[in-house]
Amino acid sequence: MSVLGRRGAIELRALTASSNLSASTLRPFSVLNRPPPNYPGHVPLTTIERGALALGSAIGSLINPRRADLIAALGEATATPFFIYRLRDAMLSDPTGRRILRDRPRITSETLNMTHLRTLPENSVGRTYAKWLDREGVSPDTRDNVQYIDNEECAYVMQRYRECHDFYHAVTGLPIFVEGELALKALEFLNTLLPMTGLSLFAFVRMKPAEKERFLTLHLPWAIRSGLGSKELINVYWEEVLEKDVDELRAELNIERPPDLREIRKMIRQQQKREKERQQQASN
């Protein structure tokens, strides 16, 4: 074979190998051809899988609003392609938000040193947060890690939102039972635009008539005012405001303090008890 012939054969084999590599590289994403994860714990999903996850988790969380894992999955499945990027861009457009994205802090019982928070001044953000956790019987260590958002930076944004959620509870004083969660989710929806926070409001149908009336007349109007008027909560560097007065922080964020749900329910129970006692006395 001539030099020219050998060169042609080599080039043909190289072209064939390159074509095979390109075909392999461009093979469409499917269940049988799942790309490698973009970060530890990441689970890439097809469009069909993402839709099924969103539908299944939405139905499951409506049936049982206490399933935090389903609510987390719903949040991730519905956050892309637009909403989580909008939230990430809101952080990039803010000096504090950019620092949070650069530092990547995590909120856990170890990083916050809960023992120290309980020694802070009574009305400080840190003490308020610790008292709220103790009262509600929850821990900052219970938040699931993000796994269904493809973009690594956006995955952190979702993780940050998830871990900051209890701070929102603490500064507003809202409890974790359904009535309090819905009030906070309404505020979060107007502040973050994450679909999951809006979809969570469908749990309204499971509330008792008195709770529905209370929500519509007291806490929904509060959530609308505070949600539309407040600053982007994702840009609060909570680790740096732990010693700040909580009333001062609410004023800076332009968030009103909502009616105390626990106190309202306590008063209603007392009224019902007195009414029952009066009825018993009347029957005797």
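Residue 1 is the first one shown; counting continues down the chain.
The backbone N, Cα and C atoms fix where each Cβ goes, and this holds for glycine too.
Per Swiss-Prot, the feature transit peptide maps to 1-22.
The Zn(2+) binding site annotation in Swiss-Prot covers His165, Asp166, His169, Glu181 and rests on sequence analysis. Sequence-distant neighbours of His169 (Zn(2+) binding site): residues of the same chain at least 6 apart with a C-beta under 8 Å from its C-beta are Trp132, Glu136, Pro175, Ile176, Gly180, Leu184.
For His165 (Zn(2+) binding site), the same-chain residues lying six or more positions away in sequence with a CB closer than 8 A to its CB are Arg143, Leu184, Glu188. In sequence order, Pro65, Leu174, Ser200, Ala203 make up the list of same-chain residues 6 or more apart from Glu181 (Zn(2+) binding site) whose Cβ falls under 8 Å from its Cβ.
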